[in-house]
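As C-alpha cells, the structure follows; a few thoughts come after it.
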Number of protein chains: 2
Amino acid sequence: MAPLRSWFSIPRGSHFSLANIPFGVISTASSATPRVAVAIGEHALDLEIFAANNGFSALSTIQPHQAVFSQPSLNAFAALGRPLHSIVRKYIQSVFAVDTPYPDVLQTNSALQKQALLPLKEVQCHLPFKIGDYTDFFVGLHHAYSCGVMFRGEANALNPNYKHLPVGYHGRASSIVVSGTPIRRPNGQFLDNPTAEKKVPIFSPVKKLDYELELAAFVCKANKQGEPVSIREAEDSLFGIVMMNDWSARDVQSWEYVPLGPFNAKNFGTSVSPWVVLMEALEPFRATGIENDQDVLPYLKEEHEETVYDIKLQVDLKSGSGNSSTVAASNGRYLLWSFPQMVAHHTSTGCNLQPGDLLGSGTISGTGSSERGCLLEQTENGKKPVKIAGGEERTFLQDGDEVTFTGVCGSDEEALVGFGQCTGRIEPALQLSF
Amino acid sequence: MAPLRSWFSIPRGSHFSLANIPFGVISTASSATPRVAVAIGEHALDLEIFAANNGFSALSTIQPHQAVFSQPSLNAFAALGRPLHSIVRKYIQSVFAVDTPYPDVLQTNSALQKQALLPLKEVQCHLPFKIGDYTDFFVGLHHAYSCGVMFRGEANALNPNYKHLPVGYHGRASSIVVSGTPIRRPNGQFLDNPTAEKKVPIFSPVKKLDYELELAAFVCKANKQGEPVSIREAEDSLFGIVMMNDWSARDVQSWEYVPLGPFNAKNFGTSVSPWVVLMEALEPFRATGIENDQDVLPYLKEEHEETVYDIKLQVDLKSGSGNSSTVAASNGRYLLWSFPQMVAHHTSTGCNLQPGDLLGSGTISGTGSSERGCLLEQTENGKKPVKIAGGEERTFLQDGDEVTFTGVCGSDEEALVGFGQCTGRIEPALQLSF
Ligand SMILES: [Ca+2]
Ligand SMILES: [Ca+2]
Ligand SMILES: [Mg+2]
Ligand SMILES: [Mg+2]
Ligand code: NI
C-alpha cells in the first residue's frame, strides 16, 4: 500500500506520519489549559481550536461531542468508543491528505493553520488520561524466564501458573507521570546484606534503581461490576498503546515482595509516553506472539493468531556526563499474552474496568544478550556491568542518568507509526533525617 | 467524662451518639442527588440542606467552604484538613447539645428539623469517597501468624520482613462498594486438585469464597510526589475509619499469587461501611497495639505507645434460609502497625497519597478460636467447618449467605462511637459459556 501523502510538511522518518495520528493532551505557554491534540509530523494539531473553528464541519457525527476536545484528559474522548475514534482519525487523515476532499477546512485556511498547528517543540505534553486503576502484567515471557533462571534455576524458572493466565498485579495509579518528568531516587527499606543469616534491614536511598521497558494499553470502555468482558469483545475495551517505564527499586523489591507482591519498589513513579497510538493505527503491524505450549482455557482463547504487534523498541541511556548509548533493543512481539487476553482475564471475575485504566505488559525482553528490557536482567542482578559510551559502565542507574525508550512500527520512512519517546532522568534522593 | 446530652432523641445503644458524628454521603427518594450528611442516632443530618438554611450561621470558618456539602463524595470536605473537620464536628455537637448556645439554628427551628433530619431508614447511603488508589495492608499479626502456621509451619509462620515493615499491596479501587451492595460470586481460574503433580487449572465459579474483617482509613491530605510524609506528620493525613470486607476467593488466590500477589482473588468487590468515623472521635479509645519485638527503623517509630484503637468487632453470618449466627469477635487493637505507620511507610519512597485514598489494615484476628477474621483461618482452609444456627455449617461462603460486620467503641450506652454495619450478600455466579 502506498503511503498516504500530505500537503503538509511531515519529515521523512517522523514517528507521527499520516498513517499514525496519535492522541495526547497538550498546553502551551500562551494557553496553559490542557486540552486534546493529535501529533502530525513535527506539529500538534490542537483539536480544541480546530473544533472551535469549524474543523469538524464536514464530520457531523462528532459535532455533538466536540466538548471532549476541551477536556484536560482523553477520558471523555476515549469513552465515545472505538467506532468514533476511527471516524475522527480517518477524518483527520483525509483533511491532511494531498488530495483532501475538504481543502477549505485547513489546507487553504492559513489562519487556522497558524492557530491550530503548534510546533511540538513549543508544546507541553501532559499525562494523556486521568488514570483510575493501573494494572501491571508480567507477560514478557523471555524476561520472566531469564529472571526466573537467575533466582530459581532453569527447572523452576517459570511459576506453574505462568502459561495458564496472564500474571499481573495492581499498581499505583497516582504516581504515573508523563515522559520528561524527573524521577527522584526513592528512599526505601532493604537488606544491605541479603545473604546474612540475620536479616537487618536499613532505610536509605535505594542502590538498585532500574527501569522496565513495557508497553501499556489505555482502556476506553467500562464494563459493569459483576459482568466479565469476553475474549471476543475485549478488543473493544482498548483505546490505544503507549510505552511505559515501570521504574523499580530492586533492593526494596526483593526484601518486601513476599508474599503480597511489589509495593514500595514500584510506587514512587511510572513514566508513560505522551502520544497514545490508537489500536487501529497498529492494525497493519499485527504479529504472532510467543507460542503457548500449554492448553489455554476457553475464556482466554483468541480466535486469531496475530494478537500482538511488531513494535521495534529501544532503550538508550545517557549518563550525567552526557555519554549516550543504546543499551537494549526489543520488540512488542515478545509477549505470551495479548492485551485482549489481559482484559478478559482481569474482568473474568466481574472486576469493572473504566475508561482511563492502564494495563502494562510487563518488561519486554528478547532472548539475545542485547535484548534485555531492564538492568536486573541485563547485568544479572549487578554481576555483569553493561558498558556505555565514554568508558562508563552501569550495574544499576546512577543519579543524573537519563533513560529513553523509543518505539516504532514499520520501515517505510514516510509511513511510520511511532510512539515517540518515553524518557526520564534520575534526580538524587532526598537525604532524610530522623 | 459525662456523656454529651442532646435535646434530640438519640436512642440508648445507638452507634451514632453525640460523641461520634460520623460523615457519609446520602440520597433520598425525593432528592436523588448524593450529598454529604452526618449520622445522629437514627437520623441523618443532611448538611447540604442544613448549610443552605443558615445551619452554619454561627460558624464563620466553614462558610466559604459550604459547597463541599453539596458534593457527591467526602473528598472536598476531607481536603479541607483535620482542623476544619474538628471545628465542624464540634459545632454540630454543640448545635445538638441539651444546652446548645445556638437554639435558633435547629432546636427551635422545627421547619429545618423536618427538612434536614432524615430517618436513616429512608436514606440511601453511597460510597463515601471517590477512591483514587486503594492499598491493603496485612498488619493483623495474629491473622498473619495463624495463616503462616497453616501453610508454612510455626518456624516460618511470619516472613522475615513482617515485623520490619507494614506489608501491603495495591488493591483494586474501582470495585469498592458501599455496604449493602450485593456481591456476585466470581468465576475464576484455580486448581480443582491443588495437590496433583500436574497443575491443570479450571475456570469455574469459585468454591472458596471468603470474607476478611478489616478496618480501613480514608486519606484527607495530599503529599507531593517525591516528598515522604514523616511519621510525626502522618496522623494529619488520616480523615477517618470505616469497616471493610475484603471479599476473597481463596482457590484463585492460592493459584495466582506467586510471585506478584493477590489479583483476581480480590478484584471483584470490596465492601465498606457508609459512615466514616473521624479520627478525632476515636481519640478516647486509643489503645496499645501488639508489641513489636524487633527494632523498628526510625522512619517508622511512633512517639506514643497508644497507636491503635479499642474497637470491638463482630462478624455475623446469615444463611440463605435465614439462620443467623455470630461467627467471630475481634478487636481493632490486634494490629502490629498503626495507620500512621502505614502512611509513613507507603510514602517513604515519595509515593503520593491523595484525599480519598483508602488504606486497609488487613484481616484482624485475635488469638482465640472464636476470634478469627476470615473463614480460611477459622476453618483451617476448609478442614474444620464452623457451625451456625439451624444445624447448618460452613467451610466457605455459600450463595445467599449474608455477612455483616459490626464495630463499636466504648461501653457507655449513651456515648458509643460506632461504625454501624458493613454487610453484603452473596449472589450466585454467572454461568459463563464459551
Ligand atoms: Ca513491571
Ligand atoms: Ca485483605
Ligand atoms: Mg511503576
Ligand atoms: Mg477486596
Ligand atoms: Ni424524625
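Sequential numbering from 1, following the chain as shown.
Glycine residues also receive a Cβ, built from the backbone N, Cα and C atoms like all the rest.
Since this is a predicted model, take the numbers as computed values, not measurements.
What TrEMBL annotates here:
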- B:HIS143: active site, proton acceptor (ACT_SITE)
- B:ASP136, B:GLU212, B:GLU214, B:ASP246: Ca(2+) binding site (BINDING)
- B:PHE138, B:ARG152, B:GLN253, B:TYR257, B:THR363: substrate binding site (BINDING)
- B:ASP246, B:LYS266, B:THR270: Mg(2+) binding site (BINDING)
- B:19-128: domain 'Fumarylacetoacetase N-terminal' (DOMAIN)
- B:160-425: domain 'Fumarylacetoacetase-like C-terminal' (DOMAIN)
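Taking the features listed in TrEMBL, we show where each one sits on the structure.
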residue  : record                       : Cβ within 10 Å
B:PHE138 : substrate binding site       : 23
B:HIS143 : active site, proton acceptor : 28
B:ARG152 : substrate binding site       : 13
B:GLU212 : Ca(2+) binding site          : 26
B:GLU214 : Ca(2+) binding site          : 29
B:ASP246 : Ca(2+) binding site          : 27
B:GLN253 : substrate binding site       : 21
B:TYR257 : substrate binding site       : 22
B:THR270 : Mg(2+) binding site          : 27
B:THR363 : substrate binding site       : 28
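The recorded positions near ligand 3, defined by a Cβ under 6 Å from one of its atoms, do not include any of B:HIS143, B:TYR257, B:LYS266, B:THR270. Counting only residues at least six positions away in the same chain, the Cβ atoms of B:GLY168, B:TYR169, B:HIS170, B:GLY171, B:GLU214, B:ASP246, B:LYS266, B:LEU359, B:GLY360, B:GLY362 sit under 8 Å from the Cβ of B:ASP136 (Ca(2+) binding site). In sequence order, the binding-site residues from B:ARG152, B:GLU214, B:LYS266 that place a Cβ under 8 angstroms from a chain A Cβ amount to none. Under the DSSP three-state reduction, B:GLU214 (Ca(2+) binding site) is assigned to strand.
DSSP assigns B:ASP136 (Ca(2+) binding site) to a strand segment in the three-state reduction.
Among the binding-site residues B:GLU212, B:TYR257, B:LYS266, the residues whose Cβ sits under 6 Å from any atom of ligand 4 are B:LYS266. B:GLN253 (substrate binding site) falls within a helical segment according to DSSP.
Under the three-state DSSP scheme, B:THR363 (substrate binding site) falls in the coil class.
The secondary structure of B:ASP246 (Ca(2+) binding site), as reduced to three states from DSSP, is coil rather than helix or strand. Ligand 2 lies under 6 Å from the Cβ of B:ASP136, B:GLU212, B:ASP246, out of the binding-site residues B:ASP136, B:GLU212, B:ASP246, B:THR270. For the domain 'Fumarylacetoacetase N-terminal' (B:19-128), the number of residues in each DSSP class (helix H, G, I; strand E, B; coil) is 47 helix, 28 strand, 35 coil.
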